[in-house]
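Structure, as structure tokens:
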């Protein structure tokens, strides 16, 4: 049986929120089977639990933000991406501020923390969302699409008309069966442009951003002294974000995802469109591991290594 997964032990980390710039302490705790990923704001008079679900997403400006009764948890996508990439089904995420810490701007620190704590299999079948019909959403020349696929594959293309980005690959594809999330996706950092910083900060965004937690570009070049971690780091980060955004479906996907010029808003629209069209997907479990797609078993074995 392909089993659900949680953490072996508690994980603690602290940092600043990318957009709010406020220090935040985060604790990840093991959770029982079928709990899912649940964020808990512990800084309030009464703790508020917000499940990581697509229909709980409110603001999608520059990040994915969950909201319940006016209580928010923002910039969840990098942590969600790490949890998805490592096949973690159930975890409590305690926060004492309204944002997940940005750490280095990628998913790699979260991957390191989770792997350090250890991954524990649980005595319950892992549930997948298997896409059975093509679903597409569009916004002008931007689009995102799900298609049936016996595994999990993501393809993304970007257009920024910037010299540094134009020099990098602007298309990338990741198949969980063939490529390592940890090695080839998790280290890709978020990126931003100096000319946008003033506008963002006037609107209460990017207050905690800097060279230590993002790729920063001026009009011509990357300002980070160490340069890029991947030749295609910009588009790889878009894939990293998409993996996190789409994990708000509540289960890992069996599907091919593709997008052109997409982002958090379009990813959330696609997830909601899929959930609303119930004839386009089904829940799949595998009581016998050998009956699962070979790529899925390879991915899960690799993620637990």
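The first residue you see is number 1, and the count goes up from there.
Here the Cβ of each residue, glycine as well, is placed from N, Cα and C on the backbone.
These features come from Swiss-Prot:
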type: BINDING; residues: 78, 237, 241; note: Zn(2+) binding site
type: ACT_SITE; residues: 264; note: active site, proton donor
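Known features from Swiss-Prot, placed on the structure.
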residue : record                    : DSSP (3 states)
78      : Zn(2+) binding site       : helix
237     : Zn(2+) binding site       : helix
264     : active site, proton donor : helix
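Counting only the Cα atoms, the space from residue 241 (Zn(2+) binding site) to residue 264 (active site, proton donor) is about 8 angstrom. The distance from the Cα of the residue listed as 'active site, proton donor' to the Cα of residue 78 (Zn(2+) binding site) comes to 12 Å. Summary of the Zn(2+) site environment: with the site residues 78, 237, 241 set aside, the chain residues having Cβ atoms within 8 Å of the Cβ mean position are 77, 81, 106, 107, 188, 189, 190, 238, 240, 244. The recorded positions under consideration are 78, 237, 264. Their Cβ neighbour counts within 10 Å are lowest for 264.
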